[in-house]
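> Heads up, here are the entries from TrEMBL:
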type: BINDING; residues: 26-33, 144-147, 181-184; note: ATP binding site
type: ACT_SITE; residues: 33; note: active site, proton donor
type: BINDING; residues: 57, 150; note: (R)-pantoate binding site
type: BINDING; residues: 57; note: beta-alanine binding site
Ligand code: PAF
């Protein structure tokens, strides 16, 4: 595997590749990321991965500085997966001058749910993903459904800018007890790690109630939030939304069986976990 940090060298190295499948990451790779690499392989060749902890998508009080950086271990994992090129730019490579042009998602998608609690997050994500796409020029890019809103925003961005990149969503990779794998799980204490699968259980219970015919979603959401809070979590949201646009379903949507997803974010101790489940 070739490790490249400069955009120019990356372009030289990938020149003429028409079927590149790309996976963007911030490193600290776990099985969830590796499952994205394996899915990428079924969609194109060569597989290119990136590792870049993108300052633009972190708020001033978020964990940019302490975000886990495990470069050497990541390289070994990617080599085992047969990744062809790892693009690992420094901040200077990626942002040689202040990044003043930004890609801003529409308010009704970028400023709800995660966007409400992490202002500017999706502008930071969209901007770096657009720039990574410009560097790698992939035919396909794989993103995990664990970051459901991010996947939708990237997919809409690719469509609206007519990018020549197909966006593929990958199923969430879970530990045996249901906890969605995430680099931030590493922040959890032993006790918190034992408690963490509750988030997925709550999502399953919400999904089952809705599937069972409960149309009063606000009530179900409220009870789910209270259940988490009762166990010491600080939930930001538990929200049943339409899969098509992540807006709340109307009574008519519920009647007509619109495809839904339940999304959640909650703090357990100092660690903020997110998860979701298609209903
Ligand atoms: O999901 C992530 O790890 C990041 O948001 C991404 C897509 C690599 C952009 O920095």
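Note: Cβ is positioned from N, Cα and C throughout, glycine not excepted.
Looking at the shown structure, can you explain where the listed features end up?
DSSP gives residue 183 (ATP binding site) a helix state. In the shown protein chains, 20 other C-beta atoms lie within 10 A of the C-beta of residue 183 (ATP binding site).
Taken residue by residue with DSSP, residue 33 (active site, proton donor) is part of a helix. Here the Cβ of residue 33 (active site, proton donor) has 24 other Cβ atoms within 10 Å, regardless of which shown protein chain they belong to.
Cβ neighbour count for residue 57 ((R)-pantoate binding site) (all protein chains, 10 Å cutoff from its Cβ): 21.
Secondary structure from DSSP puts residue 57 ((R)-pantoate binding site) in a helix.
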> Under DSSP, is residue 28 (ATP binding site) helix, strand or coil?
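Going by the DSSP assignment, residue 28 (ATP binding site) belongs to neither helix nor strand, so it counts as coil.
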> Tell me which residues of the chain lie with their Cβ under 8 angstroms from that of residue 30 (ATP binding site), as long as they are six or more apart in sequence?
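173, 181, 182, 183 - these are the non-local Cβ neighbours of residue 30 (ATP binding site), listed in sequence order.
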> Taking DSSP three-state, what's residue 150 ((R)-pantoate binding site) in: helix, strand or coil?
helix
> With the Cβ atom as the reference point and anything under 6 Å counting, tell me which of the binding-site residues (26, 30, 144, 181, 183) are near ligand 1.
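Among the binding-site residues listed, those whose Cβ sits under 6 Å from ligand 1 are 26.
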> Measuring Cα to Cα, how many Å separate residue 32 (ATP binding site) from residue 150 ((R)-pantoate binding site)?
16
